[in-house]
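Here the structure comes first, spelled out in structure tokens, and everything after it is commentary.
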């Protein structure tokens with residue numbers, strides 16, 4: 001035991017110090033460049049609408065596709081990281097993001113913008129962000145929780161700075177030249193990726209670039225493919241490929257957990273439903289304010305206020321929710337934060353004055369901080385950690401679907417009624433109903449579990465609905481971090 005502990009200590013020496021803090025700084029910048037970037041799209045909403053003669057629904061597809069791909073591309077990023085490593089994935093993402101925005105500056109129709117800024121930039125942001133988060137798990141062991149908390153401040157910084165920069169550049173040189181400049185800025189993701197060199201353990205093998213030969217499943221699959229031409233049983237070969245495909249889906253999209261784990265099922269459905277309304281204020285707040293007489297610069301400032309408050313409130317919320325008093329009860333804190341998000345929308349319905357909109361942004365940002373800080377802690381409460389990565393893959397894919405369709409459907413409603421108030425009515429409906437659904441369902445599930453305990457049903461394992469604290473001591477070499485941890489911009 002003592003020799004194993006000494007070996008673990010020696011292996012952890014390159015981590016948690018030195019170059020690891022440069023990697024953390026790069027991760028902060030990455031999160032600001034990727035997750036923070038969609039926050040500025042609302043600034044361009046009115047100009048794009050006028051230039052392309054597009055409706056609210058057509059224009060809102062552009063940010064919806066970008067955000068949906070950013071969230072839903074997690075499983076694809078996981079495969080990329082496993083084959084080529086985190087550094088390659090981050091740099092490829094930066095290249096795609098830059099090319100996407102540069103191409104967007106030459107678009108002649110709104111549909112072309114869907115492909116360039118929506119799909120290409122969104123996918124690039126997904127690769128850079130999620131691979132950047134993954135590499136922190138390799139560079140930090142003892143201080144991993146602190147590193148992830150510090151890295152998440154990059155999102156708030158992006159929310160604060162991107163809208164202000166966007167409005168300034170838009171006023172000075174128009175949206176096409178602004179998108180061209182944004183392409184150059186996003187190429188800095190490649191610089192961040194270059195900093196994230198592979199971590200070497202004591203054995204000298206890179207942690208984050210496993211070779212295909214190391215995985216038995218891949219060896220078997222490779223043997224099948226290499227011998228495919230001489231195989232006398234094509235039906236058997238086809239069945240083997242189907243099995244391999246099913247195993248890959250099972251690995252990255254945990255449908256078995258969704259069917260068997262009631263807590264995960266309730267939480268995934270609740271968050272997926274919530275996302276139908278969660279992104280609406282970010283897309284429509286700026287055009288709503290401009291339509292009601294607020295100056296464009298002041299309207300862009302509203303999104304920056306949300307981001308600025310998040311910088312301070314989100315870490316405090318994370319620390320508060322980490323207290324043992326809230327162990328096993330964080331789902332109720334999360335539901336409360338979602339409920340507050342929904343109720344805050346009624347401020348915009350009551351008044352569109354700039355002072356009222358500032359109050360709305362303050363309350364919304366506080367509630368959003370709770371949602372962002374608790375989303376993945378709650379998921380850890382309801383899913384065993386050895387399946388967390390795959391469970392989070394399905395979680396992000398499902399929420400990306402509602403993130404994609406929510407803003408365009410609401411935009412269609414606004415086009416029909418010519419009333420922006422329906423944005424906030426819709427948002428409130430989805431958020432409030434999701435909050436009540438999750439809170440009441442988990443309350444009923446908790447009562448059911450207590451009844452089982454009262455009837456003296458033997459429990460061999462700890463309850464899957466209880467949170468297990470992650471040890472802060474360095475782990476052994478064999479307990480390496482998961483291949484990819486999917487994080488969203490909540």
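Every residue, even glycine, has its Cβ placed from backbone N, Cα and C.
Per TrEMBL, the listed range annotated as transmembrane segment is 266-287 (candidates: 244-265, 266-287). Listed ranges 177-196, 197-216; the one TrEMBL annotates as transmembrane segment is 177-196. In this chain, the transmembrane segment (146-165) lies in contact with the transmembrane segment (21-45); the count of Cβ pairs under 8 Å, excluding pairs fewer than 6 apart in sequence, is at least 3. Ranked by number of Cβ pairs under 8 Å to the transmembrane segment (266-287), the listed stretches 112-139, 177-196, 299-319, 391-410, 422-445 are led by 422-445.
Residues 262-263, 266-267, 269-271, 273-278, 280-281, 284, 288, 331-332, 334-336, 338-339, 341-343, 345-346, 348-349, 406, 410, 413-414, 465 of the same chain, all 6+ positions outside the transmembrane segment (422-445), place their C-beta atoms under 8 angstroms from a C-beta of that stretch. Confidence across the domain 'Major facilitator superfamily (MFS) profile' (20-451), taken as the mean pLDDT and rounded to a whole number, stands at 83. Using a cut-off of 8 Å between Cβ atoms, the transmembrane segment (391-410) and the transmembrane segment (177-196) share fewer than three residue pairs, counting only pairs 6 or more apart in sequence.
Among the stretches 61-81, 177-196, 299-319, the one making the largest number of Cβ pairs under 8 Å with the transmembrane segment (146-165) is 299-319.
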